[in-house]
Ligand SMILES: Nc1ncnc2c1ncn2[C@@H]1O[C@H](COP(=O)(O)OP(=O)(O)OP(=O)(O)O)[C@@H](O)[C@H]1O
């Protein structure tokens, strides 16, 4: 099978050297991602497109390739094509007839040709010749140039003919690593997930910094979203997940800081800490999900005061977006189910939070923090390669993999924690075993209904969510939790 990947138009208007660099990076990114679908995938760049080839004809692999290509930044669209050689215009028609004639029955159609190289015919001549032939020798309803039911698309590239079997929209944006690295402050709600996605799409390797305000449950939730985003859209590059215990900061804020100023000061402490993390890894910008006017700390005055806490650039990709639009994007990119069930870990709640913070007052309040607070929490932070997220949970919780039910406990309950769409698509068929359906995002609120005495085997598609949730259940006192991986 073969795909022709078209560059996002913004790339094609760049200077030659920049364009070449972007194409090279996109080629490498495609290779890195698609080799995970199959090691024999071949990726080859040209000036205005990139071809993806896989010798094996296999429906499942085809679907996986289509799915992955739709998530890689820098792509305008991609065509699934059949490749042929030809000698004459009539050869072109014969190939087109064999491919398309049946699908035209009862429909109007038109033929569109794109051509590269020198030929004895023009594109319009091919359109007329192929269109005329198909009209005569098929059950098509007729040709309609303006509003056809079907558009027959051909691409002729020198001595090769490509018949377009399908066309899919790409993600847009720039290839990852065409821009510099950023550090996304990730709290697990709708906003920070969408903000991170925007930066990945814009071509930034996006690392994650998480300030833990709510213990293991908070950390598990945020790790899951970050891992999901990376695996789905940013897998071509390794990134870090940095977790900083922030309870000591919250404690001091609650004990020492004037109530109205707490929200802005918490954010300033986050920025200061994130700055140190960014400096350590040579990262140039911090990303937040803040949006103008969304909550009290997000007025222009307050954002300005928050910015004064660091010299590092803070980008807020959602600044001008409406909440509903942010939620819609979260639904499209798949982070909404995580956000929906993420409890609010706001750390501090003021009765009357200031909407007009005054820098001098805030700075005076901040004098009350104990010395070296940020250095202390940074010493206790954990830095993870995001690929290790599942593995870290495994070692920490000594979670065992079970390949069969008997291996675990004949009486074990299988917890299918996949999202409902995945469950419906491929339901677990396990006669004689109790299977409970409990999507991962409901586990946090519903685990209390589970009998702690029983053995649970957690099942998900890739084995990462199940490890994280197993760790979470263990921390809630469940002793017999395993990850179920049918052999
Ligand atoms: N615990 C945290 N760890 C890391 N970043 C955080 C944390 N809490 C907040 N932030 C950052 O600050 C931004 C604003 O947070 P705030 O809680 O004011 O708004 P929010 O709308 O609840 O954000 P979100 O929807 O992303 O949770 C977040 O989008 C995120 O970038």
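Quick reminder: no glycine exception, Cβ is built from N, Cα and C everywhere.
According to TrEMBL, the residue from 173, 289 that belongs to the ATP site alongside 185, 186, 267, 298 is 289.
With a cut-off of 6 Å between Cβ and the nearest atom of ligand 1, the recorded positions 185, 186, 289, 460 reduce to 185, 186, 289. Spread of the ATP binding residues is 16 Å (greatest Cα-Cα distance among 185, 186, 267, 289, 298). The most densely surrounded of the recorded positions 185, 186, 460 is 186 (count of other Cβ atoms within 10 A of its Cβ). With a cut-off of 8 Å between CB atoms and residues at least 6 apart in sequence, the same chain places 297, 306, 309 near residue 267 (ATP binding site), listed in sequence order.
Here residue 460 (active site, cysteine persulfide intermediate) is compared against the binding-site residues 185, 186, 289, and the shortest C-alpha distance is to 186. For residue 289 (ATP binding site), the same-chain residues 6+ apart in sequence whose C-beta sits under 8 angstroms from its C-beta are 185, 187, 189, 190, 191, 192, 193, 194, 195, 316, 318, 326.
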